[in-house]
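What Swiss-Prot records for this protein:
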type	residues	note
REGION	131-173	region 'Disordered'
COMPBIAS	131-146	compositional bias 'Polar residues'
MOD_RES	144	phosphoserine
COMPBIAS	157-173	compositional bias 'Polar residues'
REGION	183-222	region 'Interaction with UVRAG'
MOD_RES	469	N6-acetyllysine
MOD_RES	509	N6-acetyllysine
MOD_RES	519	N6-acetyllysine
MOD_RES	559	N6-acetyllysine
MOD_RES	619	N6-acetyllysine
């Protein structure tokens, strides 16, 4: 592996004492690796305060650069001692154990003086080399030396240090390390910033590896032990989320998914381990979504019988007169009930007493459980209530205009077949007294469908003008609130007698008739825009049609709020008609008395309209048998019939 380091010319000079020692080959074990060689890209910058003492105290020595096969020495120069910048002396060199030992031994054996002068750059050359390094490729600057340096260097095939005087080497090296301050061996801020991405990459990689290690442990459920696995093989059933992996020597592990419920596991003396299979888990979830009822191969015939009965019931249901929604609800209900009851056979825990028993006992228990489940499913289906059946019908949104006669609770519940009228829940006879009566529907509801809400009953208002509030079910409360402001009550038919019982309603009826006729007249006048805006104070159905009211209109009439408002609108309309020439020109003249006073249809107190020709006359003058306008219409029709046709 290749690591990056700097030339020995840039490193601090070790102050060594003693006689000069030549470099020679030796088999002595390598010395301790220098800490500076352990870094990926190390560089040392001596502060200015240390450079001057180094020029005076440090001896001259060659700069050593080693590779796998050779070591490069920088020849000396008689220039002033100076420390080269780390930017100009960076060099790439492959490190190995031998070369690292050689470099360490060389640094320990070095001495000054008699070996020769070293190549040292002056401060001016330092600045010049730094400027040139900015213009060059960093990789080129780091790997290729300058021509001058190349000419001054010589290569030697092998460079080793002698093994003598080990104590002297250690003492000189410790003296050299203690001489420099701690700031000398600290990396500058620029180098730390350059190496910041290495630290970030290491942190990210460690976090990702921890997540990969913890993720399978979180997803994998609790495994069964070997004893539970053997019990599971005895029962002949398999859990879908696990696979059996047989580990045999000399053979690859083979897996059996177990998605097929009828497949029996092979028992072998080789130890088997249970492992989680994501493919099998997805297949099992897919099967559960499709409502797989039973996966025991031994009960295929029973399952087929259940499917046949289910298909027959399905066809019978579809042939009935139920709505598509009701038919679908019934089919889904039956399918869910059958799936829920039959799935209990497959959901037996491996550590239960049933699975721990013999295989024959398990089969008998499964058969009994299956039969009881089928019977229970049939019983639930028979007792279940689905909207549209004969014994229970869901309440419908309808307006009931008749008052229900009083009836005993027991008789009413029997008429409901002991079912709640709202949800169809079966009611036992001992709980009949807990049911609540709905005055609107005239039926009994359970506590979940009847929260004792109160509302006015439309039938009691139309028949007895009764605005008292009675308890109704939640469904009836919602229905009455939804139609409270809708004009759905017409009093012209069977409830016309209500005008005689409610005098205030009769006055509202008269005002409504006048406003109905005068509004038609005002719509034809182009000067009646301001008056028509007054009609917006009341609902439009009160002035567009007669004898049509809503529940809110009845209540406001009962409180005396509607009649004064209608009178104000009528007063403003009459004032406009009296002063408007266009409206006066659209009035009538009584043909019986030949009076010049203009009369209008909205004057219901003094005028009357002919039912045939819709002409307006005074009440005391009008005679239906002698209507002059009807007589003219009949005479004109007879005259047209007596005229000869164009063909004759």
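Backbone N, Cα and C define each Cβ position, glycine as well.
Model, not experiment: these values are computed from the prediction.
Mean pLDDT, taken over the region 'Interaction with UVRAG' (183-222), works out to 76 on the 0 to 100 scale.
Across the structure, residue 519 (N6-acetyllysine) and residue 469 (N6-acetyllysine) place their CA atoms 36 angstrom apart. Ranking the modified residues 509, 559, 619 by the distance of their Cα atoms from the Cα of residue 469 (N6-acetyllysine) places 559 first.
Residue 619 (N6-acetyllysine) sits 19 Å from residue 509 (N6-acetyllysine), taking the Cα positions as reference. In this structure the C-alpha atoms belonging to residue 509 (N6-acetyllysine) and residue 559 (N6-acetyllysine) are separated by 16 Å. Ranking the modified residues 509, 559 by C-beta neighbours within 10 Å puts 509 at the top.
The modified residues examined here are 469, 519; by Cβ neighbour count within 10 Å, the least packed of them is 469. Around the Cβ of residue 619 (N6-acetyllysine), 12 further Cβ atoms fall within 10 Å across all displayed protein chains. According to DSSP, residue 469 (N6-acetyllysine) sits within a strand segment.
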